[in-house]
Amino acid sequence: MGGAFGKRKVQILVVGLDNSGKTSIINALKNEKNATVAPTVGFNKDSVEKFNLNFQFSDMSGQNQYRGMWEQYATKIDGLIFVIDSSDKIRFGIALDEFKLLLETQGFNKDLPILVYANKQDSPDAQNPQFFIDYFELKKYKNPSQCFGGSAKTGVGLDQGLEWLSAKIQQVKPK
Ligand SMILES: Nc1nc2c(ncn2[C@@H]2O[C@H](COP(=O)(O)OP(=O)(O)OP(=O)(O)O)[C@@H](O)[C@H]2O)c(=O)[nH]1
Ligand SMILES: [Mg+2]
């Protein structure tokens, strides 16, 4: 792993409701904060080298008609990123339902590290990460998990989250 052959490649599934900011977060992690975004159709592949790993992102569409794809892609991955629009209070319940549906899918890997981004912290009515730790009952799952507040608009908080994920993945044995 690493050295002359480059950083270890890890597969990351990025999910969350439409408009939560998944594509914007990936752009910001790549320092492309001002890239224009459009709703993702199906999914996009993207990658970034950071924190000693080569992250291969599968950036899924969050639109209702595509959410069934999430669980198909949830096998053979090294980490999961779940993105929430922290200001979209009306849809917190739907985000929670989709989160539970995925984690409670039969065969879902209970060792998989889960990074939750409470995105859009720049918004004045955003809920903080602790709110989502409680609301999503993160502690009730065996998976290592953590919620980080972040903003794809300002870039705040995103690296801290990815650094946590990198550390957790490197603690788990490679597949
Ligand atoms: N204020 C604010 N707006 C954001 C932030 N992140 C994303 N947005 C905006 O939210 C909208 C949706 O962003 P996307 O990145 O396309 O969201 P997505 O989760 O990829 O959406 P789908 O691909 O449809 O599932 C865009 O208008 C972004 O500019 C943020 O941190 N703060
Ligand atoms: Mg998208």
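Any Cβ shown, glycine's included, is placed from N, Cα and C.
As recorded in TrEMBL:
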BINDING   G16, L17, D18, N19, S20, G21, K22, T23, G62, N119, K120, Q121, D122  GTP binding site
BINDING   T23, T40  Mg(2+) binding site
Contacting binding-site residues, sequence order - G16, D18, S20, G62, K120, D122 vs ligand 2, Cβ under 6 Å: none
Inter-residue C-alpha distance, K22 (GTP binding site) and T40 (Mg(2+) binding site) (nearest angstrom): 9
Structural state of T23 (Mg(2+) binding site), classified by DSSP into three states: helix
Separation of alpha carbons, T40 (Mg(2+) binding site) and S20 (GTP binding site) (Å): 11
CB within-chain contacts under 8 A for T40 (Mg(2+) binding site), separation at least 6: K22, T23, D59, M60, S61, G62
